[in-house]
Amino acid sequence: MFLCCWLGLVALIPTTLSTNPGVKVRLTEKGIEYGRQLGMAVIQQKLRSIKIPDFSGTETVSPIGKVQYSLSNMHIVNVGLPKSSVDLVPGTGVTLSIGDAFISLNGNWRVKYLRIIKDSGSFDLNVNGLSIATTISIKSDETGRPAVSTASCSATVGSAKVKFHGGASWLYNLFTTFIDKALRNALQKQICPLVADAVSDLNPQLKTLNVLAKVDKYAEIEYSMVSSPTVLKSSIDLSLKGEFYNIGKHQEPPFSPAAFYLPPQNNNMLYIGMSAFTVNSAAFVYNNAGVLSLSVTDDMIPKSSPIRLNTKTFGAFIPQIAKQFPGLMMKLLMKMEKIPTLTFEPNNATVQATTTVTAFAIQTNSTLSPLFVLNLEASVSARMFVSEMKLAAAVTLNKMDLTLAKSYVGDFQVGPLENVFQGVLKWVVIPTVNAQLAKGYPLPSIGKMKLMNTQLDVLKDYMLIGTDVQFS
Ligand SMILES: *[C@@H]1O[C@H](CO)[C@@H](O)[C@H](O)[C@H]1NC(C)=O
Ligand SMILES: *[C@@H]1O[C@H](CO)[C@@H](O)[C@H](O)[C@H]1NC(C)=O
């Protein structure tokens, strides 16, 4: 009883402890088909490298007696892999089946009999109806990158035909009976190891998954897999951590990823689902790095704007300022009060930011005299897009809400200042943020991967990037 409960508990632990991934990647049948095409080219190349060692022997052929023979200089002339398919085996891996394959090779033969008679020539061997079946398993390696290995392989050769050039016809019979068989065996023995080679040649490629992608001097994104890849009926799904960290300092934010499920789409080869968690972990990281503050000075405001950052402009709304600090320039210090949060609703990505704005008058001796502190709540819409292998974004202001937190110049109404701050946001803050967001954030990628036919949709709690890929 105890043992049974214990085992039951142990079985539960992995699911209880496992954290939800921040990013999910799905390789669809279309993507797997592209992988098959790339893979077959590699296997074909491998099979072309088959080397059959020279061999020689002695056979007794009546009525001549002992015939010494040797085969040499054998090399592959052609390998054809006209039929192949990849099937997913849910929970296990991938089966690659190759059928109707053929290999042709060419070599030289030499015989010696009755002590003095020598003869030689060349031959062609055509092996047809070759079939290869191999099961490939996909796991996560110790660095959280995918790794493949050959779980099983079998190769069978259908028929072989040897054609000799030169020599006496009785010799042909000698060769076709047993030499043909020896050659077939020699070939067959080499196929599976070469296929296994081709499979493990994938690993150096898979090792290039950017499990820790550097963003800038403050942040990096962790894209390691949090569990082994899941092989489903028509896709292979990867669960990646998808979390921003301060470089070298991996502190967890006070929130965690919510579960999300990729929709059953299959028009593209690859789907990348990125949760709001991933984006919000970026906000946490940049806030920790202390870079989510901005000081705004008059030179940052376009020359064409009638609103200037000086006590004259502000004095029009707050007369005390014009009176106490006449003819001075001003400075605004904007600071995040809370980590900004992004919410994904279908076709709607909204960021909510709570900041404080401290306004100063700049004295002629450069001393800053505080005038007032405002709470500024802003809601911005984000539009995300993929550029190269990066995710970039641009935001626009939805709405803004101002309240007075503290005044150093006596009471005043904030309402009339709305237009001034709308202007500051539109002309200074949002362009600054957008310049940053346009630099982009690396997406998970492998090798020299290029994205094509890419689109991005915002869904509930995550965004979905659908794309085809091309490896050069
Ligand atoms: C987008 O979502 C936010 C809440 O997340 C909501 O306040 C806003 O009205 C929505 N916008 C549209 C256009 O639906
Ligand atoms: C700078 O000027 C202001 C206003 O004239 C004055 O109150 C302040 O003491 C000065 N500060 C320094 C460091 O000179």
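Each residue, glycine too, has its Cβ placed from N, Cα and C.
Features reported for this protein in TrEMBL:
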- 1-18: signal peptide (SIGNAL)
- 26-249: domain 'Lipid-binding serum glycoprotein N-terminal' (DOMAIN)
- CYS153-CYS192: disulfide bond (DISULFID)
- 264-467: domain 'Lipid-binding serum glycoprotein C-terminal' (DOMAIN)
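Around CYS153 (disulfide bond), the same-chain residues at least 6 positions away in sequence with a Cβ under 8 Å from its Cβ are ILE132, ALA133, THR134, THR135, CYS192, VAL195, ALA196. The Cβ of CYS192 (disulfide bond) has 17 neighbouring Cβ atoms from other residues within 10 Å, across all protein chains displayed. CYS192 (disulfide bond) carries a helical DSSP state (H, G or I). A strand conformation is recorded for CYS153 (disulfide bond) in the three-state DSSP classification. When averaged over the domain 'Lipid-binding serum glycoprotein N-terminal' (26-249), pLDDT in the model lands at 90.
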